[in-house]
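For reference, TrEMBL has these:
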DOMAIN    37-130  domain 'MaoC-like'
DOMAIN    276-620  domain 'DUF4220'
TRANSMEM  240-261  transmembrane segment
TRANSMEM  273-293  transmembrane segment
TRANSMEM  305-324  transmembrane segment
TRANSMEM  336-352  transmembrane segment
TRANSMEM  500-520  transmembrane segment
TRANSMEM  532-553  transmembrane segment
Amino acid sequence: MRLRGRAIFPLVRTTATTTTSAASSPPAVLSVGHALRERRRFTEDDMAAYAAVSGDRNPVHLDDAVARELGGFQRGRVVHGMLVASLFPSLIAASFPGAVYASQTLKFAAPVYVGDEVFARVQALNIRTTGAANSSTASRYIVKFATKCFMDEEEGSVAIEGEAMAVLPTLELSSQSTSKQRSKNRLIITSSAHMPPGYFLTTICKYWIPCYSDIGFSTNLEVLEPRVIAGWLLDFWNGWATEILVILSLTQQVILLFFSGIRQHQGHSPKRLLLWLAYQLADNTAIYALGNLSLSSTLRQHQLVAFWAPFLLLHLAGSNNITAYSLEDNKLWKRHLLTLMVQVLGAGYVIYKHIAGSGILFSLGATLMTTVAVAKFCEKTWALRCANFSIIRESVEAEDMEQLGKCDLYLEGKPPRGGFKGKVVDKEELLMLRAHAVFRVCKSAMVDSSENPGSYIVGILRYLKENEMGYMWTLVEMELSLMYDILYTKAPVLHILPGYCIRVVSPLAVVASLLLFQFYGREGNRIADVAIITYALLGSAFLMEMTSLLSAFWSTWTFSFICATRWSGLWHSALCLDRWHRLRRMVLSLRRLAHSTRIAGFLRPSRRWSGTMGQYNMLQMCTAKRGWLAGILGYSMPAVGVPDGLKDLVVTYVQYMIKSEYINTLGMVREKWGTEALGRWKEHSGITIDNKFVGAELHEGIVIWHFATDIFLAERQTKIKDEDKQHRIVEEVQALSNYMMFLLFKQPDMLPGLAQNKLYQWTKRSLATQWMDIISNNDPVSGSDLNLASALYQRKLTRPRVQNFLLSLAEELIDINNALQLVYEVWADFLIYTANRCSRESHAKKLNSGSEFTTLVWLMTDHLQQVADNNLIYAPSE
């Protein structure tokens, strides 16, 4: 059969080229992703010759009338499909003389008519080497090609597509083909100062398309059309999609490993956004990669796929430090179980499909990693189940209090009399072990369990209450961090015997797989797949598994596990012989070094919370000049540290309420928010404020007192004596008022009762209108040293009914001499009521959302209540 002239398409069409000697350039070598192209126009002579040789005289190829009437081809005769498909072996044989064509699959998508110009493309998908390196016979190459024939040069309309398998004697293109390709596939860089619009995109493509081998210079450049570039990018994705997905999945796991602590320690930051994206995309990326491996027909001869699939399963198992980003994730554990079964079956199918002929040892390495991955995937699903409140309640009821009470023997010492004097690590360690000992109280409160805490727990709490109340807050913070571990990490299943066994076996399995791959799995694979992908997966898996092993053994959770175990040998070896404490002291030495070198802030090894509370001021919001970014993200104020004076007031107030029986036996506040404080001031100081100002709902009361507090503080600022104590109280009152408003505006789920958003919106619009009126009229009271609160009080404005009602409370407070302390105690009453009546699920959901101080107040109230209720049951020893 006579073939017309062959033309291999240039990647950049130019109007001028420079010439170089073919002998001076290195030979072109075929690799995965390379494409060979040819254009051809079939004539009547070609069709007649093919019909004579093949015997295919179907009239749809030879008679226009028959083709239209019987074949349905409106343009007449169509070219033989096999004649068009003959371009594929012809193109391969011309580029690689001596090639043996092994197989070809074809799908005829569109007819090719006589005289149509078609564009054939043969692209390498997979390359395998046959013959051992030490063999006397020359190596040959089995190459799988994607074969397509297009109706246009932009490669948009497909006429024929399929796959071909050929055995090549070499991967070097023939000299004739290479010289033709080099003469046409030269990247021409213009010397003009003004680059065409698509120039830089074209330049970038030279790093992706292997045929860009030389760089020349010219004065003109014809830029490729976007459809051609899109086709190249699609080819690049088809050739490297699996590698990209595997590396992306690995990157997301690294982010989860190193940034998961941000979920607990930091409210809002770019790092937290990165963590959220990694968490949301991690499972989807691994699932898509597994699906790509199982469905793609281009990788059936790629044995490394059997080695990558277990790592994708391991990525689906997730990091130990984060299993759920929100509480709702735990409720979907059954969905994760279904995902587990489907993905394990999918990974098993991928491994089975690619493991045949790979050798027993290589298969053993893949099987080891698969076993570890499945075990850790099951562990994640079980951790999600264990984080449900009903399961936690069952675990509390099943605890052996007599066994746990023995841990008191191994708690190292008591707080020194003079305090720790800056020894932050030692202080946190002592309180962390006690937090594990009394953690039962926090769990019972969170899941509403009626189980008694036990005598040794009450003894620890009583000692701290009577001697070191400041440590009590730290203890509660650490208990809350343990509760975070239960709800959002693998702690429930990590610190049990099967969890420790998995941690020991996992790094050993990774090392064994690495050795098996090193000696038996590298041959016949691309260097990029071996050196970059596989070794990166193995190395990162080993580092992460070793990190998981070490962090599991030196964690204080291990102390809790040993205390609860009935395995006397482990108990004696770890605690009686002081081996675990020696290991822990080594960890403390590293933590002290981190604090001394000031890298502790970056590593965040502390169990304590941030010690801040969110802020929101309605009057400042109405006067703030917000940019476009604030309009999108919303108005916000920086969080402030929780004042020590506020903590002391809360403890004093809670103890008074417990003693006065304002808290019932179920731990619930009896009275309405604010009424207890107002009643006490009326009884002791004769100061009367109408109960209508506390509002019909909590939301309404917060708006009323927030508005009144701002005006009261602004007006009394000049009358307050210049004393540190007075100014400190002012700052604490302002911070507490802003915090309660923050809960109303940013975290309304933390507030009990019926939401009153309408009142808030009315008040905000009214205040914004008043402020714009002050600015537009150039009112003399609106100087730079005055705020909206002062302006509203000083001007005699015609105010709406709602605003009149709010100002009337401020006017009453201004006329009271000792009103600052009254306002402080009323806000403390609001806070305690909010913490006490907030739902347990909201407490668990909003950990580290800027509102966790409310949860700490709730837990502190519960701890003090437990001591008071069990004082007679567990009387202090002599």
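Yeah, the Cβs are placed from backbone N, Cα and C, and that goes for glycine too.
TrEMBL labels come from automatic prediction, so no person has curated them.
With a cut-off of 8 Å on Cβ pairs spaced 6 or more residues apart, the transmembrane segment (336-352) and the transmembrane segment (500-520) reach fewer than 3 such pairs and are scored as not touching. The stretch in 273-293, 305-324, 500-520 that contributes the largest number of Cβ pairs under 8 Å to the transmembrane segment (240-261) is 273-293. For the transmembrane segment (532-553), the list of distant contacts is 243, 246-247, 250, 253-254, 257, 304, 307-308, 311, 314, 319-320, 369, 494-495, 499-500, 503-504, 506-507, 510-511, 513-514, 517, 583: same-chain residues at least six beyond its ends, Cβ to Cβ under 8 Å. For the domain 'MaoC-like' (37-130), the DSSP-based tally of helix, strand and coil residues reads 34 helix, 30 strand, 30 coil. Within the model, the domain 'MaoC-like' (37-130) carries an average pLDDT of 88.
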